[in-house]
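Right, one structure below, let's go through it.
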Amino acid sequence: MTTLTGSDFDFTFLEEGFCARDIVEQKINESSLSDDKDAFYVADLGDVLKKHLRWLRVLPRITPFYAVKCNDSRAVVTTLASLGAGFDCASKTEIQMVQSVGVEPSRIIYANPCKQVSQIKYASAHGVQMMTFDSEVELMKVARCHDNAKLVLRIATDDSKAVCRLSVKFGATLKCSRLLLERAKELGLDVIGVSFHVGSGCTDPETYSQAISDARFVFDMGAELGYNMTLLDIGGGFPGSDNTKLKFEEIAAVINPALDKYFPVDCGVRIIAEPGRYYVASAYTLAVNIIAKKVIMKEQSSSDEEEDGANDRTLMYYVNDGVYGSFNCILYDHAHVLPTLHKKPKPDECMYPCSIWGPTCDGLDRIVEQCSLPDMQVGDWLLFENMGAYTVAASSTFNGFQKPDIHYIMSRTFMMNSVLARTPLLLFLQLRCSNSCSTPTLPQGKVLTPAQTLTWR
């Protein structure tokens, strides 16, 4: 399989019976032929598609506007664009990225309440009308810099039970909302709706219910002032995997009745949301290689203690990705990660207290403070699952350590039987695949026959 760089990425159709782990094994097997054992991702675009179908089933009234900030992979954006999703963009660069894959301006909301003047002008020049605000200063900037803005008032929520709180930075109180609506009216601006965000990693679904109730209050306030509001944006906060305390369906079980109560189907209000981690977290698996190891022997306090075994030492493993790279989510997204062993341990194998460290010279570059792992060697691999959200998008190349390559996959059978089979994306993939085919061999005698590798520009 050819590794492509720059704006290109490699993609493999999987035949029936193969999965992401098979590609991980293939890549590790290929790396064994050289000393080049760089960290890498395997990203299953089929998982993104499954999440979309799940969304449509569980929250049928709500149109998803994918939060590009979460993972700005061109492959993910193109896939979701083909599915008809909208996009939550926070900057000129994100707007450019989304429009570069053919998304029309009406499917973009500029959901950043505090925007740079030049970027407001860019949005205006490129037809992006929907944008959020939460202050008078923002209203005045928009009045000066945008010809036809469709404004959405961002209100504050009680996000005290969220992992990442956002209302400390964004959102107007209900009292301030009336003043802002009055000021927008004076400036001749069109306020079309209300938005909120309950915080990333929300742990209390009732927060949505209260926020929807507050939004209804602001809608009624707007009607008193002569506005015809037609948009409700319920933000993000949806879990990206099923190993969280609060499940996606549990959140939906609170949202749906709240919407039916405060915004009935026939009320003329379009409802959107801004899911980010929901779509991409579980799609990505990261493989890292152990590049160094340190054994810390414990001082023996008694001659009766065992001189060998799991209690006499602590192991420090150093791997080739860290908190300045993919694991920045530990610092900025409050993530807690644990590795999965690539090699299955023997039943009687000793497990040792371990810590896992990144490759940089910074003492803060610690991935896992404490876990139990067997005695591994330099060159062995560790896997981290659910690594698609707020990882690659916020990573850096500090100390000269490069970002991991990403290898994209999707089940051919799943795609052909899905809604993607009726989109231009399938035609694009088929065209590229017909020009570039290979048959890589998988470990343990498995063969992907045929496997197509394509370049997506």
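Keep in mind that glycine also has a Cβ here, set from the backbone N, Cα and C atoms.
Note that the structure is predicted; figures quoted are calculated from it, not measured.
Less than 8 angstroms from the CB of Cys361 (active site, proton donor) sit Asn399, each of them six or more residues away in the same chain. The annotation active site, proton donor is assigned in TrEMBL to Cys361.
Averaged over the domain 'Orn/DAP/Arg decarboxylase 2 C-terminal' (40-388), the predicted model reaches a pLDDT of 92. According to TrEMBL, the feature domain 'Orn/DAP/Arg decarboxylase 2 C-terminal' maps to 40-388.
Under the heading domain 'Orn/DAP/Arg decarboxylase 2 N-terminal', TrEMBL lists 45-281.
DSSP assigns Lys69 (N6-(pyridoxal phosphate)lysine) to a helix. The Cβ of Lys69 (N6-(pyridoxal phosphate)lysine) lies under 8 Å from the Cβ of Asp88, Ala90, Glu94, Gly276, Ala393, each of which sits 6+ residues away along the same chain. Sequence annotations record features per position, and here TrEMBL assigns N6-(pyridoxal phosphate)lysine to Lys69.
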